[in-house]
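**Q** As annotated in TrEMBL:
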- 331-578: domain 'G-protein coupled receptors family 1 profile' (DOMAIN)
- 319-340: transmembrane segment (TRANSMEM)
- 352-376: transmembrane segment (TRANSMEM)
- 396-417: transmembrane segment (TRANSMEM)
- 438-461: transmembrane segment (TRANSMEM)
- 481-508: transmembrane segment (TRANSMEM)
- 528-549: transmembrane segment (TRANSMEM)
- 561-581: transmembrane segment (TRANSMEM)
């Protein structure tokens, strides 16, 4: 028994507060106290154990609080047998309590109760924990270690009508036992990335959640359900009842509870239509249900970054993204395969081309990941949005996108500068870019691009802001600066490419040559290269820079058109413009195929041309002739574009990439 100094009788209540000497509460410490209505055990950290049946036969108890104690085992509440309505239970701030056991509340009261079980050390709520109870409100908020509510935790219970799991570590809610929940609160529940099956929340009328996409899923589900209700009405079907919660007017006579669904028939005082009107058959509950059903309220609402839509957004984008990613992957894999298996000497253009193909392949893989997730979640992406956007997959996709995109831009700039440098110093072989220098340049590029791609994974901006997994988070000044720097890097690279091509065209235009056919072909070739770069970079850079300065000119939905149709243009075009369409690449491809027994005649023809070209060049080099001294500029330029046919007088100087 407790020492009398700790039992204070105050208007029919008993209180143990701020005591440092109480360690246990013995069996029947509170026994057969017929007039006690409130018991508060608070701020007794020394209290480590409450024996079984410590609370025994308390028929008028309507308030019990066990708060801020050191108990390590859930208290036995099964012999209270309270008869009071609106029973209120507080078990909170008990950090040594780690679970709610099976049948924890059976026998506590036969009436409806409000359970406040917050800020404890709960890690698990076991099966049948609430068996034998009628729950009005269940508050589990701030149980920061609570990770599991067993699927059958609510089996054998009526309710709850209100459930609060805010600030917990729950990853999901049970799929059974939530049919009567009218209000669900899950604020700051960041690990709750997936909702339970929505059909198990058929009575839900209000939700306060953490993620906007969950509201998208709930509102879409509710809208579809209402649509089926209207269809049922038009068809004269009674299916309306099956797809809707029970009549909101069918509630218990107890003022403390408003209850829908299967609970209504079990509540004392419930009056059915038959009781009211006898055997009269003019009452149609399904019509009343459908007309009086309130709209579902949910917060937070979808924002500009996460509209209620699938990843692709538009049907034609869903088709286009597959076509583009397959083209990018196949094209760049082909380039890498041919270049890696080529037996010819590795030149600087080939070396840099390998890096370009790998970068563009990353973009293709990124698009493949986005397209796959879009296909798998089509029509119900909102239910999986947070799981995808905060998961490892979205992080990998975003990394591949930024790394591949920036490395591609960097490599394109390197290729262009190398061509400009080679043409400008065509007569000074010692100043040509060698593999050693090219390797150093690409190492720098890899380091810079890896750094840019890793920053969002380290908290500078974020890949999980949007479904496309791109760094669109500009909420902090550092994130905003990062996005702006990223965009300026792309714009600067485009200007460098344009400037170099203008210089190249100026250098190769030679008025001494009688024909201008080659000049025209070169101009067309350069126009294609610059145009593809412009299409890829200009629209995205323009709208992205405006958005980075928080003046968005386009919605996320419409930006997906740019991201799918314009962003990967270079990744699709580069393998063809810089490799597959060139004569040198075709030579390597035919030689590779000949090793597998295909296209042997073509391969032999290319081998013979290469042999003859090498002999001619060796002969010209040994003679030391300076005739056509201006030819090397044009020759080097044309070697960069072997598929452009040179003029006859320059044919013998053609060098393969």
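Each Cβ is built from the backbone N, Cα and C atoms, and glycine gets one as well.
Can you tell me where each of these features sits in the structure?
**A** Sequence-distant neighbours of the transmembrane segment (319-340) (same chain, 6+ residues past either end, Cβ-Cβ under 8 Å): 312, 350, 353-354, 357-358, 360-361, 363-365, 367-368, 370-371, 374, 564-565, 568, 571-572, 574-576, 579-580, 585, 588-589, 592.
Beyond the transmembrane segment (528-549), the same-chain residues lying 6 or more positions past its ends with a Cβ under 8 Å from any Cβ of the stretch are 409, 412, 472, 474, 480, 483-484, 487, 490-491, 493-494, 497-498, 501, 559, 562-563, 566-570, 573, 577.
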**Q** Same chain, outside the transmembrane segment (396-417) by at least 6, Cβ under 8 Å from its Cβ: which residues?
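**A** Tertiary neighbours of the transmembrane segment (396-417) are 349, 352-353, 355-356, 358-363, 365-366, 369-370, 438, 441-442, 445-446, 448-450, 452-454, 456-457, 463, 469-471, 486, 489-490, 493-494, 496-497, 500-501, 533, 537, 567, 570-571, 574, 578.
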**Q** Note the mean pLDDT of the domain 'G-protein coupled receptors family 1 profile' (331-578), expressed as a whole number.
**A** 85
**Q** Where else in the chain does the transmembrane segment (561-581) make close Cβ contacts, counting only residues six or more beyond its ends and a cut-off under 8 Å?
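**A** Beyond its ends, the transmembrane segment (561-581) has Cβ neighbours at 312, 314, 317, 320-321, 324-325, 327-328, 331-332, 334-335, 338-339, 353, 356-357, 359-361, 363-364, 367, 404-405, 408, 412, 415, 468, 470, 528-529, 532-533, 535-536, 539-540, 543, 554, 643.
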